[in-house]
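Residues or ranges marked as active site, proton donor in TrEMBL: A:GLU60. Annotated Zn(2+) binding site per TrEMBL: A:HIS58, A:CYS86, A:CYS95, in sequence order. For A:ALA164, A:TRP180, A:ASP210, the entry in TrEMBL reads NADP(+) binding site. According to TrEMBL, the feature substrate binding site maps to A:SER178, A:ARG194, A:THR206, A:LEU214, A:ARG217, A:GLU277. Per TrEMBL, the feature domain 'CMP/dCMP-type deaminase' maps to A:10-125.
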Number of protein chains: 2
Amino acid sequence: MSFVDTSYTAAESEAMDAALTAALAGPRGANPLVGAVILSPDGEQLATGYHRGAGTAHAEADAISEARKKGIDIVGTTMVVTLEPCNHVGRTGPCAQAIIAAGIAKVIYAVDDPHDPAAGGARTLSAAGVEVISGLEGEKALDLNRDWFDAVAAKRPFVTLHIAQTLDSRIAAVDGTSQWISCPESLADNHGLRGLIDAILVGTGTVLVDDPRLTARTPDGELSAHQPIRAVMGLRDVPQDAAVRGNDGRFVHLPTRDPAEALGMLFEKGVRHLMVEGGSSILSTFLAADLVDELIVYLAPTLLGSGTPALNDLGITTLADAQHWSWDEAGGGAVRILGNDLRLHLRSPRGAASIIKNSIPGSEAAEYVTGGH
Amino acid sequence: MSFVDTSYTAAESEAMDAALTAALAGPRGANPLVGAVILSPDGEQLATGYHRGAGTAHAEADAISEARKKGIDIVGTTMVVTLEPCNHVGRTGPCAQAIIAAGIAKVIYAVDDPHDPAAGGARTLSAAGVEVISGLEGEKALDLNRDWFDAVAAKRPFVTLHIAQTLDSRIAAVDGTSQWISCPESLADNHGLRGLIDAILVGTGTVLVDDPRLTARTPDGELSAHQPIRAVMGLRDVPQDAAVRGNDGRFVHLPTRDPAEALGMLFEKGVRHLMVEGGSSILSTFLAADLVDELIVYLAPTLLGSGTPALNDLGITTLADAQHWSWDEAGGGAVRILGNDLRLHLRSPRGAASIIKNSIPGSEAAEYVTGGH
């Protein structure tokens with residue numbers, strides 16, 4: 001459901017900018033980044049909220065909760081939020097009902113929920129007498145979650161690609177050894193992600209060479225509470241004694257070499273956030289097909305000089321066709337130091353023109369003219 | 001000349017730590033990192049100085065100048081410095097004379113000047129009645145400049161290796177295109193370095209493929225005031241019309257494939273700081289021979305998937321033999337954002353156990369036990 005664009009007060013525009021900034025604190029994945037600000041009738045920002053990822057409070061509920069903690073009366077206030085409030089009863093209850101129950105008088109949101117329009121919360125809010133306006137900073141809000149909107153539109157999971165590489169982008173030495181290129185802190189970070197996603201995917205080649213378990217584990221080696229589906233993609237058989245099979249029924253073999261088909265199969269199984277772990281051919285296949293939304297690279301300060309490169313072919317033959325990824329500040333920053341490694345976080349070229357790119361410190365463009373090396 | 005180790009006051013030890021930290025602000029290169037602190041008789045740190053690179057004031061002179069700016073009388077004070085004060089008249093005058101002239105009563109330094117002992121300033125200071133003690137934090141001071149001491153001992157230039165690469169460590173696409181993988185800010189940074197070093201080196205292959213000029217240029221394309229010697233290494237001829245030849249007499253062809261021999265030739269010509277720029281074979285040859293002291297990587301957030309890898313062979317076949325480099329905080333930091341690129345700064349594995357490694361934020365070690373992927 002779309003509402004008419006209108007003119008906004010300076011306080012409303014500022015609140016939307018604050019909500020967009022707040023949204024960036026959340027992680028990418030099955031759910032979009034969302035931020036919300038509660039505005040008093042005289043334009044004061046009373047409380048801010050954001051969504052911390054699947055299974056946690058939505059941004060609107062987070063802002064209402066923040067206001068309650070502060071003991072602020074929010075009856076008659078305006079909720080400024082980067083995405084249309086939801087109407088469905090998921091793990092966290094519908095935001096439309098929470099907004100109505102809180103006595104909020106007006107809702108300004110940036111972009112519509114991309115799912116079935118009838119399911120959006122705007123109609124429910126409006127029917128309950130809440131004034132609803134949409135479109136403020138709509139472009140920025142779309143950019144903020146460009147990759148997620150793409151995944152929703154394509155009815156495929158949001159795809160995170162994981163690479164653990166040396167400085168010269170090798171993921172294994174000549175003799176196949178790869179344990180461990182990353183430092184313990186990077187391994188722990190990766191296992192933390194495994195405990196949040198719906199599924200993890202490797203190729204049959206990786207199973208045959210490394211025999212990984214692909215479970216999410218805590219630093220002391222225990223299984224995490226939440227385990228992802230373990231997907232192996234490829235036409236070769238997965239050995240009966242492969243560790244990835246486990247005995248919890250969460251293993252699945254996807255007998256295809258087509259990444260789009262693999263994503264379709266996983267979406268059918270309810271997977272909304274997939275992490276692709278390797279090897280080189282699988283990583284390259286997903287990247288070449290433009291089916292990666294987020295890239296997480298653990299970069300160790302080591303050199304091998306030879307061995308298995310992280311990527312082996314993207315179908316690119318000239319520099320002008322290189323894939324230009326964007327640094328992504330969402331969910332903890334574009335560049336982080338993890339132990340002795342760097343953790344790099346990037347968005348797909350589809351999301352390149354987003355507000356996030358401009359938020360990297362020191363990224364001011366500068367003119368520099370040279371005529372050769 | 002070595003002086004006897006002794007016991008030190010807490011103020012003296014703290015001053016040496018402060019001097020070691022101050023030293024890190026300087027850049028690596030032909031000269032070592034040096035820091036100095038002037039200490040009052042009652043243990044107060046009056047002024048701090050450090051060396052900003054070849055051609056600028058030494059740390060001792062910098063500290064004396066800092067004290068004068070503050071209007072502080074330093075007669076009878078103690079100079080705490082990370083390296084034996086120099087005695088030679090270079091571009092900046094001998095520090096021993098400056099210390100004597102300033103009326104400083106005592107000098108505590110960490111490690112001896114590694115050049116001809118007779119040339120050290122300790123003997124001059126002592127002969128002039130200045131009390132001189134050495135050895136305080138000697139190990140840390142050696143670690144601080146481990147790579148530089150190695151270069152001095154081997155009578156070779158200090159070697160900086162430069163790599164401009166994609167995230168997947170490619171330095172050219174399949175068709176050979178490489179201009180420009182790096183962003184304008186990275187190119188400017190590289191040209192700034194060219195304006196400080198004694199010589200720049202590439203292989204004959206790079207000359208034949210890219211025909212680089214290898215001059216140091218300002219962002220508007222003008223030649224910088226200082227130009228490095230332009231060295232081309234390899235057995236193939238350098239074409240008569242190659243841009244690298246220029247017409248200023250600063251071109252040299254080194255007819256060898258042996259990096260140690262090339263360094264010897266350049267040292268003979270007075271080169272004390274060399275930057276090796278490429279291509280892959282030259283970079284790999286220097287790295288495999290353990291003849292690189294400092295690594296500067298401009299990392300663009302782009303993917304090519306194929307093309308020329310930055311390195312092609314280090315003689316390493318298994319992960320246990322990987323080269324482990326250390327993040328280097330000296331001269332502006334280990335990780336910097338330059339435009340859209342990351343600039344990574346690392347020290348050779350020889351310098352790995354230095355104090356610098358521990359100064360990276362968030363580098364606390366953590367236990368993490370896993371039994372497989």
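The backbone N, Cα and C atoms fix where each Cβ goes, glycine too.
The recorded positions near A:ALA164 (NADP(+) binding site), taking a 10 angstroms Cα-Cα threshold over the set A:HIS58, A:GLU60, A:THR206, A:LEU214, A:ARG217, A:GLU277, are A:GLU277.
A:LEU214 (substrate binding site) and A:CYS95 (Zn(2+) binding site) have their C-alpha atoms 35 Å apart, to the nearest angstrom. The binding-site residues recorded for this entry are A:SER178, A:ARG194, A:ASP210, and the Cα of A:ARG194 lies nearest to that of A:HIS58 (Zn(2+) binding site). A:SER178 (substrate binding site): 22 other CB atoms within 10 A of its CB, across all protein chains.
Chain B comes close to A:ASP210, A:LEU214, taken from the binding-site residues A:HIS58, A:CYS86, A:ALA164, A:ASP210, A:LEU214 by a C-beta to C-beta distance under 8 angstroms. Annotation: A:CYS95 carries the greatest number of neighbouring Cβ atoms among the binding-site residues A:CYS86, A:CYS95, A:ALA164, A:LEU214 [cut-off 10 Å, Cβ to Cβ]. There are 16 other CB atoms within 10 A of the CB of A:TRP180 (NADP(+) binding site), with all protein chains counted. Mean model confidence for the domain 'CMP/dCMP-type deaminase' (A:10-125) is a pLDDT of 92. Rounded to a whole number, the distance between the Cα atoms of A:CYS95 (Zn(2+) binding site) and A:ARG217 (substrate binding site) is 33 Å. Here NADP(+) is bound by A:ALA164, A:TRP180, A:ASP210 per the record. The longest Cα to Cα distance in that group is 14 Å.
Take A:SER178, A:ARG194, A:THR206, A:LEU214, A:ARG217, A:GLU277, the residues named in the record as contacts for substrate: the widest Cα to Cα gap among them comes to 19 Å. DSSP assigns A:ASP210 (NADP(+) binding site) to a helix.
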